[in-house]
Amino acid sequence: MKSEIKKQSLFQGPIVRQAVIDSFKKLNPLVMMRNPVMFVVEVGTFIILLMLFMPRYFNIQNRGYVFAVFIILLFTILFANFAEALAEGRGKAQADSLKKTKADTVAKRINDKGEIETVSSTELRKGDIVLVEAGDIIPGDGEIIEGLASIDESAITGESAPVIKEAGGDFSSVTGGTKVVSDSIKVRITVDPGESFLDKMISLVEGASRQKTPNELALNTLLITLTLIFLMVVITLIPIASYVGIKLQIVTLIALLVCLIPTTIGGLLSAIGIAGMDRVTRFNVLAMSGKAVEAAGDISTIILDKTGTITFGNRMASQFIPVGSATEEEAREAAVLSSLKDETPEGRSVLELAKNQGFSIDYSQYEQAEFIPFAAETRMSGMDINGVSYRKGAVDAIQKYVQQLGGEIPSDLKEKSDQIANQGGTPLAVSVGKKIVGIIYLKDTVKPGMRERFEELRKMGIKTIMCTGDNPLTAATIAKEAGVDDFIAESKPEDKIRVIREEQAKGNLVAMTGDGTNDAPALAQADVGLAMNSGTIAAKEAANMVDLDSDPTKIIEVVSIGKQLLMTRGALTTFSIANDIAKYFAILPAMFTVAIPQMKALNFMHLHSPTSAILSALIFNAIIIPLLIPLAMKGITYKPMPAVKLLRRNLLIYGLGGVIAPFIGIKLIDLFVGMFV
Ligand SMILES: Nc1ncnc2c1ncn2[C@@H]1O[C@H](COP(=O)(O)OP(=O)(O)OP(=O)(O)O)[C@@H](O)[C@H]1O
Ligand SMILES: [K+]
Ligand SMILES: [Mg+2]
C-alpha cells in the first residue's frame with residue numbers, strides 16, 4: 001500500500017517554457033471562445049489595439065494611457081492561458097513517459113494448430129492466445145487462461161515489487177507493457193490495437209478526452225450571466241455620464257468592464273479542473289472523467305466488498321473438519337473431489353492443504369466427471385461423477401442444496417461453522433450426494449490500519465457498508481474488526497446493485513470499490529466505481545476509476561481530492577466575485593470625481609489620480625491570476641469537518657479576504673504607478 005502523493009514541483013523548467021509558448025497559441029479566438037469571460041477580455045483588448053492603430057479615427061489624445069491599458073489586458077489573457085497551459089503541461093509530461101512504455105514488442109502467438117509464431121504486438125487482435133515467458137514483455141491486455149507468474153508492473157504503477165497473477169479468480173488480468181519476471185503464462189488478448197489500457201491512460205493524462213463537468217458547466221453559466229450583467233451596467237453608464245456632462249473614454253469603459261467581470265475565476269477555472277484530475281493520477285488512480293472525481297467529493301456512502309478489499313483476500317484452506325457421522329478422511333476426500341477443477345485461489349488452496357497432509361489421488365479416475373465451476377450466484381462449486389455430486393460452498397447454500405435432495409442437516413454443522421465464522425474465517429460446507437460430510441476452514445485476515453481509515457471517513461460524514469457473499473457471522477466479525485458502519489451478508493451481485501440503488505434513491509451519491517467480475521454491475525451502477533488494477537477486466541471496464549496500486553482504501557484520497565476540487569473552485573469563485581466588487585470602488589470615483597466633486601467622498605482610498613486608479617485596479621486584476629495559480633493547482637487543504645463549519649470557514653477567508661485584498665493591493669500598486677502618471 002502506498003498512498004502518499006508523488007511530490008513534484010509546480011514550476012518545472014521545461015513545462016513552464018512550453019506553457020509560456022502555449023499561452024500565446026491559446027490567444028487564437030477560436031480557442032478562446034470556450035472561455036466566455038476571457039473571450040470578452042480578448043475582444044476588449046482587440047478594440048483597444050484598433051484604437052492604437054487609428055488614433056485619429058477614435059480621437060485618442062493620451063496614447064500612452066491607451067497603450068498601458070492594452071498591455072495590461074494582454075497580460076491578463078496571457079496569465080489565464082498560462083494557468084491552463086501549466087496545468088495541461090504536467091499531464092503531457094506524464095503521457096510522454098508512458099508512450100515510451102508503449103513501444104512495439106514481439107509476441108509469441110499460438111495458432112490453431114498449437115504452434116508458436118512470432119508476430120509484432122501491433123498485429124494482435126481480440127481473442128488471440130499468446131505465450132509469455134519469464135523475461136518477456138506482455139504484448140497486450142488480456143486474461144491469463146493458463147498458469148501463474150510473477151509480473152513486474154512498474155512501467156504502469158511505478159511500484160517495483162512484482163505481483164502474482166494467475167488463471168481463474170479475481171487476479172487474472174494482465175496489462176500490455178508489463179513484464180513477466182518468472183514462470184510462463186498463456187494469455188487471451190482482450191482488446192484490439194489502440195484500445196488498450198495504456199492507450200486509454202495516455203489519452204487520459206494528456207487530457208485529450210477532457211470534457212467540462214456538470215459543475216463546471218453550471219459555474220460557466222453563472223459567469224456568463226455575470227459578464228452580461230456587467231456589460232449592461234457599463235453600457236448604461238454612458239448616458240448617465242453624458243447627463244452629468246462627462247464624456248467617458250471607450251478605453252476606460254473597457255477597463256471598468258474587465259475589472260468587474262469575474263476574470264479571476266474565469267482565468268483559473270479550467271486549470272482547477274485539470275489539476276484536480278492530475279492530483280488523482282498522482283495518487284496512481286486513473287479517473288475516466290472529471291465528473292467521477294467531482295462526484296467523489298460529494299459522496300455520502302461507500303460500499304466495499306470484504307474479501308480482497310477489507311481483508312487480504314488470500315482465503316486459504318487451513319483445516320478440514322468432519323461433521324455428523326463422517327470422518328476427517330471422508331471430509332478431506334470430498335473437499336478435494338469438489339475442488340479438482342476449481343480454478344479459484346480457494347479451490348487450489350484446498351488441493352494444496354490436502355497434499356500437505358499427505359493425501360494423494362489418482363486423477364485419471366475422474367476424466368469422465370462433469371465439473372461445476374464456482375459461481376457467485378450459486379456460491380458453490382464441485383463435480384458430478386457416476387451419479388454422485390460433490391459440492392462445496394457457502395454453508396447456507398449447501399444446506400439448501402442437500403435439503404432439496406431430501407438430505408438431513410448434521411446437528412453439529414451450525415456449531416462448528418459458527419465457531420469458524422466467529423473468528424472471522426469463512427466456513428465452506430462440503431457435501432457428497434445429499435449428505436454434508438465436513439467443513440473447510442478458509443482463513444483470511446483484515447488488512448492493518450482499516451479501523452483508522454474508516455474513522456477518517458466517518459469524520460468526513462461518509463457511511464461505510466461492507467457487502468459480502470459470506471455468511472452473516474463471518475461478516476459481523478470482520479465488520480466489527482475493521483470498524484465499518486454497517487454490513488450486508490450473503491449478498492449476490494444483484495443485492496449489491498440494490499443497496500446502491502436504494503442509497504441513490506435517497507438522493508445520496510454512492511461510491512463502490514471492488515475487484516471481481518461479480519462486482520462489475522455494481523461498479524457501473526455506483527456514482528464512483530473504483531476498480532482494483534489487480535482485478536478482472538470486467539470490473540475495470542465497468543468502473544470509472546482504476547487504482548493502479550489496488551488499494552481499496554485509496555477511495556479516501558479520491559474523496560479528499562474531489563472535495564478539495566469542489567472547495568477550491570467554490571473558494572476562488574467567492575474570492576473572484578468579492579474582489580470585483582472592491583474594484584468598483586477604486587474605479588468609479590476616479591471616473592466621476594472630475595465632474596462631480598462630491599464623489600470625492602467615495603474616494604476613501606486616496607488614490608493618486610484617476611488614471612493611476614484605473615491602471616492600478618487593472619494591474620491588480622491581472623496579477624491576481626498568476627498569484628493564485630499555486631492555490632488553483634495545489635488545491636485548498638481539506639481537513640475532515642462538518643460541511644456547514646467548512647462553508648463558514650471558507651466564506652470568511654475567501655469572501656472577506658476577497659473584499660479586503662484588492663483595497664490593499666490596489667493602494668500599494670497605486671503608490672508605485674502614481675510616480676509615473
Ligand atoms: N471456490 C469456491 N467454491 C465454493 N464456494 C465458494 C468458493 N469461493 C467462495 N465461495 C463461497 O461463496 C461465497 C461468495 O463468494 P464471492 O467471492 O462471490 O464473495 P463476494 O460477493 O465477492 O464477497 P466478498 O468478496 O466480500 O467475500 C463465499 O463467501 C464462500 O462462502
Ligand atoms: K475582474
Ligand atoms: Mg469478491
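Cβ atoms are placed via backbone N, Cα and C, with glycine included.
All TrEMBL annotations are machine predictions without curation.
Summarising the annotation, TrEMBL assigns active site, 4-aspartylphosphate intermediate to ASP305. Per TrEMBL, ATP binding site is recorded for ASP342, GLU346, PHE374, ALA375, ALA376, GLU377, THR378, ARG379, MET380, SER381, LYS392. Residues annotated as Mg(2+) binding site in TrEMBL: ASP515, ASP519. The domain 'P-type ATPase A' annotation in TrEMBL covers 105-206. Residues or ranges marked as transmembrane segment by TrEMBL: 37-58, 64-83, 217-244, 250-274, 581-599, 611-631, 651-676.
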Candidates near ligand 1 among the binding-site residues ASP342, PHE374, THR378, LYS392, ASP515, judged by a Cβ under 6 angstroms: ASP342, PHE374, LYS392
Integer mean pLDDT for the domain 'P-type ATPase A' (105-206): 87
Cβ atoms near THR378 (ATP binding site) (within 10 Å, other residues, all chains): 17
Same chain, 6+ residues apart, C-beta under 8 Å of the C-beta of ASP519 (Mg(2+) binding site), given in sequence order: ASP305, PRO493, LYS496, MET512, ALA531, GLY535, ALA539, ALA542
ASP519 (Mg(2+) binding site): secondary structure state under DSSP, collapsed to three categories: helix
Distance, ASP515 (Mg(2+) binding site) to ALA376 (ATP binding site) (CA atoms, angstrom): 13
Candidate with the highest Cβ count within 10 Å, taken from the binding-site residues ALA376, MET380: MET380
PHE374 (ATP binding site) and ASP515 (Mg(2+) binding site), distance between Cα atoms, whole Å: 16
Among ASP342, GLU346, PHE374, ALA375, ALA376, GLU377, THR378, ARG379, MET380, SER381, LYS392, the record's ATP binders - longest CA distance, Å: 17
Cβ atoms near ASP515 (Mg(2+) binding site) (within 10 Å, other residues, all chains): 30
Residues from the same chain, set at least six apart from the ends of the transmembrane segment (611-631), whose C-beta lies under 8 A from its own: 10, 62, 65, 68-69, 72-73, 75-76, 79-80, 82-83, 86, 252, 255-256, 258-259, 263-264, 267-268, 271, 568, 572, 575, 579, 583, 586-587, 589-591, 605, 661-662, 665-667, 669-670, 673-674, 677
Among ASP305, ASP342 [recorded positions], residue with fewest other Cβ within 10 Å: ASP342
Touch test for the transmembrane segment (64-83) and the transmembrane segment (37-58), at least 3 Cβ pairs under 8 Å: yes
